[in-house]
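As written in Swiss-Prot, here are the features:
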| type | residues | note |
| --- | --- | --- |
| TRANSIT | 1-53 | transit peptide |
| MOD_RES | Lys84 | N6-acetyllysine |
| MOD_RES | Lys84 | N6-succinyllysine |
| BINDING | Gln141, His142, Arg143, Asp176, His252, Lys444 | NAD(+) binding site |
| MOD_RES | Lys183 | N6-succinyllysine |
| MOD_RES | Lys191 | N6-acetyllysine |
| MOD_RES | Lys211 | N6-acetyllysine |
| BINDING | His266, Ser270, Tyr319, Arg322 | GTP binding site |
| MOD_RES | Ser384 | phosphoserine |
| MOD_RES | Lys390 | N6-succinyllysine |
| MOD_RES | Lys480 | N6-acetyllysine |
| MOD_RES | Lys480 | N6-succinyllysine |
| MOD_RES | Lys503 | N6-malonyllysine |
| MOD_RES | Tyr512 | phosphotyrosine |
| MOD_RES | Lys545 | N6-succinyllysine |
Amino acid sequence: MYRYLGEALLLSRAGPAALGSASADSAALLGWARGQPAAAPQPGLALAARRHYSEAVADREDDPNFFKMVEGFFDRGASIVEDKLVEDLRTRESEEQKRNRVRGILRIIKPCNHVLSLSFPIRRDDGSWEVIEGYRAQHSQHRTPCKGGIRYSTDVSVDEVKALASLMTYKCAVVDVPFGGAKAGVKINPKNYTDNELEKITRRFTMELAKKGFIGPGIDVPAPDMSTGEREMSWIADTYASTIGHYDINAHACVTGKPISQGGIHGRISATGRGVFHGIENFINEASYMSILGMTPGFGDKTFVVQGFGNVGLHSMRYLHRFGAKCIAVGESDGSIWNPDGIDPKELEDFKLQHGSILGFPKAKPYEGSILEADCDILIPAASEKQLTKSNAPRVKAKIIAEGANGPTTPEADKIFLERNIMVIPDLYLNAGGVTVSYFEWLKNLNHVSYGRLTFKYERDSNYHLLMSVQESLERKFGKHGGTIPIVPTAEFQDRISGASEKDIVHSGLAYTMERSARQIMRTAMKYNLGLDLRTAAYVNAIEKVFKVYNEAGVTFT
């Protein structure tokens, strides 16, 4: 696999002119790289001056609205994959009819199916009344239930929830999670409300969603997002199970990200950040990509910067630190800190819990200037959308941008990064760890049993029986006078013998999902000569998978 990736990537670095004059050599190179009998590629291809990336979308406005931004990325991927989708249709239709069918389904995929806008009153603790605004967007129901988080923010808007819902559709498709995309937002600043008021808002919002059919284990399953967590998810589950879902045995599957006592799953809190780590790991250990960037594989000598020290930023920082990378700067909305010798994530977490801010952390200095432009190897924007724009993209010094947040890079900035040979690991792949583990939690709730409970003891006993069998076989063959030949397992194997916990199973499933999806993205990038344009490769994969569902299910009532 590594040789194939490395050699085929040489072609993706070729400029458009070189590719145009060597179309016959393209197939030869890919076949040769796979080990198939074919003529070796011409050396000139490997020496092309510039990489090639998708030019399917013309220049757009510098900072488009969020939903149009996602639509632009979708259009880029759709224009590249359209011919293949037409070619793969096995019908008796003419070429024109096939193309019309493909374009029709692509038009079905693109827009948001449903958007619910809500307003409801609450009485605050001081006796005053306030009207709360909220939204829930369901982008696609090609798979049900729909899946997407609920965020509490004063920046919530219809455009934002539509954009985030569409990203969820493509995100689920990229990592093969069988959900449609959705997103919700409540337009409040949670810091301005008491816990009692937040509970009122959350429970009332749940009831409004339920009345309109926008929540349910098989309909629409929310999850935590910005400024929400286990507590809010527990309120949602309890509200649904106590009212509209009181006859439904699967009622607690109406939401994920719950506390363990309410049907949650071990490993969900850190899932998105752990997914970010695994996503970076898959690309940073790929020698062919690192050679393009002029870097060595592995985390050992790498520095990184995190923008946003929330759930995603903290856990991303924690895992990268654990595997040898050094965090030299952390930024939040109220300021940034910097230490070239490294910042310990546990110490910074404890300091923030105690003081409410990272500013004043004794083992780092205040950082003047934009944290996004700090000198580092890996930049992790884990805050909010549209942080990297046309104006600051030329000054970004990182070689790898790992999108922990949703939509942190605008199309114009994305184009600049590609021209500057900077690798952007896209959001729809990189932060899919959360929805992946949410899927595991949803399955756990439907099965009504935790992972491994039925097999823990059986597997542990089987391992011990295997060791005893090996020991007895050795003693019969080599033992003298009935002497024993003890079999001593290593510490790592001893941990395995003791049986995998639910967290071990979740972590293993997440790592496998991220690795498999990364390989799919790499293969697609090579197939379409996209070079470092991993975002378009991810969108191509997502579009192909969603298209296949619509095409094979058939389009009803048209």
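Each Cβ is built from the backbone N, Cα and C atoms, and glycine gets one as well.
Because the structure is a prediction, the values reported are computed rather than measured.
Here the binding-site residues are His142, Arg322; the one with the fewest Cβ atoms within 10 Å of its Cβ is Arg322. Checked against Ser384 (phosphoserine) by C-alpha proximity, the binding-site residues Asp176, Ser270, Arg322 yield Ser270 as the nearest. Cα to Cα, Lys183 (N6-succinyllysine) and Arg143 (NAD(+) binding site) are separated by 15 Å. Separating the Cα atoms of Tyr512 (phosphotyrosine) and Lys444 (NAD(+) binding site) is a whole-number distance of 18 Å.
Of all residue pairs in His266, Ser270, Tyr319, Arg322, the annotated binders of GTP, the farthest apart have Cα atoms separated by 20 Å. Compared over the recorded positions Gln141, Ser270, Ser384, the count of CB atoms lying within 10 A of a residue's CB peaks at Ser270. Comparing C-alpha positions, Arg322 (GTP binding site) sits nearest to Lys444 among the recorded positions Lys84, His142, Lys444, Lys545. Taking the Cα atom of each, Lys211 (N6-acetyllysine) and His252 (NAD(+) binding site) are about 17 angstrom apart. By a simple count of nearby Cβ atoms, those within 10 Å, the most crowded of the recorded positions Lys183, His252, His266 is Lys183. Taking only the Cα positions, the spacing between Lys84 (N6-acetyllysine) and Lys545 (N6-succinyllysine) is 13 angstrom. The sparsest Cβ neighbourhood within 10 Å, among the listed modified residues (Lys191, Lys390), is found at Lys191.
DSSP gives Ser384 (phosphoserine) a coil state; it is part of no helix or strand.
Cβ crowding, taken as the number of other Cβ atoms within 10 Å, peaks at Lys444 among the recorded positions Lys211, Lys444, Lys503. Residue annotation for NAD(+) gives Gln141, His142, Arg143, Asp176, His252, Lys444. The furthest Cα pair among them is separated by 23 Å.
Spatially close to Lys545 (N6-succinyllysine) yet at least six residues away along the chain are Ala173, Val174, Asp176, judged by Cβ distances under 8 angstroms. Rounded to a whole number, the C-alpha distance linking His266 (GTP binding site) with His142 (NAD(+) binding site) is 29 angstrom.
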